[in-house]
Structures are given as structure tokens and as C-alpha cells.
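> Have a look at this one.
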Amino acid sequence: MTAVRDPFFPADQSIRASHNPIEVRELGMMDYQRAWDLQAELNKQRQHDEINDVILVLEHPSIYTAGKRTQPSDRPQNGLPVIDVDRGGRITWHGPGQLVMYPIIKLAEPIDVVDYVRRVEEALIHVIRTHGIPNAGRIDGRSGVWVPGKTPEEHRKVAALGIRIAGGVTMHGLALNCDNTVEFYDYIVPCGISDAGVTTMSQEVGNDVTTQSMTAPLLAALDDAFAGRLVVADHSFASAPDPTKIPRRP
């Protein structure tokens, strides 16, 4: 699913149904359940054209969220709460120092979920590369943005994606590790991937990269990617099995 392929839309065409500006809501630190409820409400409003497209910008208190393909063996044993959510993928961690964005975007017809995901990844790759990690890219077979290591086991994930489309409108989104701890990843199998690591912008560039410093550049890159001004390219440096290709939990 991560390999670049011809999208339904030309690469330089907007994937959004609307040409109105995207509204941005910076929410600060917000409880995950509260943010999820807000997403669901905004998603329904966007389906009925009661609001314009919007991107929620926030951080979460420390918590695990489990996507539809999470396995029992993925789950933590450290006592932190786990919320089962309706996005794709498996389990991940959210917490302070991690920049989270939830685009609520009505997609143009015909809906191309893969193209949408690739555009979000392209925005992340552009910003990560221009802020000190020039070799960041994709691993074919796995979503998100990665920093290559000398061996496959040393590849490190710096940004994660989890997407849902409801009524033609996107939910959930992306998480960019800025200056958060990676301790809590040790208690899970993050995104179902046991043969690679997790990193942060700060660890890779050697100085403090805050969520605040990354917010404006990432919002601009997302806007460009959705509009077709930032064109999806093949930034793959490796391939690996897709851990999500297992049955969904009930």
C-alpha cells in the first residue's frame, strides 16, 4: 500500500472537495477521548457542509490507542490506559511532546484513500527533511515516515499515521515525535512492528525540536499537499512486511 502508484487525481490537482481555506484549531493539551468525540462531531458537520474543512492541532496526555488490527500481544502491561479506536492500524502511544494533527477534510470524488495517505506522508517528509533529517523517507509496506539505519533493525519511525474515512470525510491523522519520551513504546509493539525502532526529531537532530516550532511548517505543507502544490514522490529507501495484513479484531 505504501508504494507510489498512479492516483485517481493528477498529482498537481487538489484532493479536497472544497476550495475554501482550511480552518485551523489549536487546542493545546487535550484528553484523547474528548478529542475523539470532537472529531466525530466535526466529521458529521463536515459531511453535511455545516462547516469548512478543519485541522485540529493538539497534544495528548500519555495514553495508548489501539486500532482495528491490534493483537492481544501488542498491548502494554504497564498500567497505562488503552483506548480502542475506529482507525486503521494497530497500537501506538500518544503523549506530551508529540505533535498531533487531525484533518477533517471532505475528499473530492472519486475518493482515493491511498492518495490521501500519501499526501499526508509527503507533507511530513518535506517538513522533517527541511528541519534536520534529510534522509527521512518511506519504507514500502509500512505507513508513516522513517529514518534509515545501517541495518533494517536500526530503521526508526519518527511519524505515524492512522486514518479513517467516514461519509467521504477524513478522521484521525498524524503524530510527529518532536521532543517526547520514547519510554512508553518499550511496553508495546508499536504499530505492530517488532523489528524496527522509534525516534524523535530532537534525538535525530541533536537539539530540542518543540511541537510549537513544527506546527506552522507542517500545516503549510499539509495545505500544499492537499492542493497538489507539493507533489507526492518516491522517497522509499527500503521495503518490509506490512504488519496490518492480519485479520481485524471484532
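Yeah, the Cβs are placed from backbone N, Cα and C, and that goes for glycine too.
Annotation comment: Swiss-Prot describes 49-230 as domain 'BPL/LPL catalytic'. Among the features that Swiss-Prot reports, substrate binding site is placed at Arg87, Gly88, Gly89, Arg90, Ile91, Thr92, Trp93, His94, Ala160, Leu161, Gly162, Gly173, Leu174, Ala175. Residues annotated as site 'Lowers pKa of active site Cys' in Swiss-Prot, with sequence analysis given as evidence: Lys157. Under the heading active site, acyl-thioester intermediate, Swiss-Prot lists Cys191, citing sequence analysis as support.
Buried or exposed, and what's around them? Tell me for each listed feature.
Secondary structure at Lys157 (site 'Lowers pKa of active site Cys'), taken from DSSP and collapsed to helix, strand or coil, is strand. Neighbours of Lys157 (site 'Lowers pKa of active site Cys'), defined as other CB atoms within 10 A of its CB across all chains, total 22.
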> How many whole Å apart are the CA atoms of Lys157 (site 'Lowers pKa of active site Cys') and Gly89 (substrate binding site)?
15
> Let me know the DSSP-derived helix, strand or coil state of Gly162 (substrate binding site), please.
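Looking at the DSSP assignment, Gly162 (substrate binding site) belongs to a strand.
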